[in-house]
């Protein structure tokens, strides 16, 4: 029997899968705390140089900071302003560079220690989307905690220490155990007729697999660049930083409901494409608000940015589902690890527009999102299809 057939036979989402799914919700909430905390930890408050009466030599070494938004940040504590401001961008790149290394390592370890898929084809979409809700809750809580605790070191502690709780049950999440959660289960994956020599290079082993892999990697690069760019651009938008960040997080909730409702109705490909096109147009349209409403365009820019964030979030969530279904089982972890690696590259690249102010990054993100949405039409639809299991299945898929 094919692995999908086995999962369908046992119901597709039994007690074991539900238990593993429940245990992963906590770390997802922690991810919401950590992924975007540079907005607050590395924020640069409004400032002015403190100049002595008889000299200008200390113009870039002593500063007075506005305390209305932050009590202190890492940037203000170490005076990373003026000619040192580039170090803030470098710190963010190092932070997200760590994600890049982690994405690469997780793909390798997953191929050694467990399979990715635990649910049948008929029930594999909604658990992946539902697991995003704790992440959104983490983002919203981050905005609340950051508003209350405006000292960067305490904020880092309060949002990182809860991670120790999740280390206490790592041994419960054992994907080497069969989804059957029964005595006959553990041999299920080992007995499959799979290509044991499959590797990352086999993602490029044929013209069709190569095309699919390249498009998926490009999609993840751009969707991550746009998603994190919109999130980290909160401090460039007019209005209250904490409110903008909270709104940017809250709009993800309807985005996930949109995915839940449409992903099994119109399919993964059209949902991803439509979301990227609408999100891209919303972001790119901000330049029109600034051009034609120079006096009252701030609210329009914020609204368009939030609309863009909603649809880009829907695209990102759909990309997780679609990509995992496109890669054959034997190289799925390698493919998803590679996609996550390119997403990390995109996250690091989002800083290309930050120095240009409010609208320019949004225009860049919007244009790239629009082009990526069109490119993704070259991928096959996976709705209702059995997942490819071998590399040969992947070459015939679609």
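Cβ from N, Cα, C; glycine included.
A quick note: this is a predicted structure, and the numbers were derived from the prediction, not measured.
Range annotated as transmembrane segment by TrEMBL, chosen from 51-71, 72-92, 93-113: 93-113. Counting Cβ pairs closer than 8 Å and at least 6 residues apart in sequence, the transmembrane segment (296-318) and the transmembrane segment (270-290) reach three or more and so form a contact.
Outside the transmembrane segment (125-149) by six or more residues, the chain places 13, 17, 21, 24-26, 28-33, 35-37, 39-40, 119, 155, 158-159, 242, 245-246, 248-250, 252-253, 256, 259-260, 263-264, 317, 320-321, 324 with a CB less than 8 A from a CB of the stretch.
Contact between the transmembrane segment (359-379) and the transmembrane segment (270-290) holds: at least three of their C-beta pairs are under 8 Å, each pair 6 or more apart in sequence. Sequence-distant contacts of the transmembrane segment (242-263) (same chain, six or more residues past either end, CB-CB distance under 8 Å): 32, 36, 39, 125-126, 129-130, 132-133, 136, 139-140, 142-144, 146-147, 230-231, 234-235, 271, 275, 302, 305-307, 309-311, 313-314, 317-318, 321, 383.
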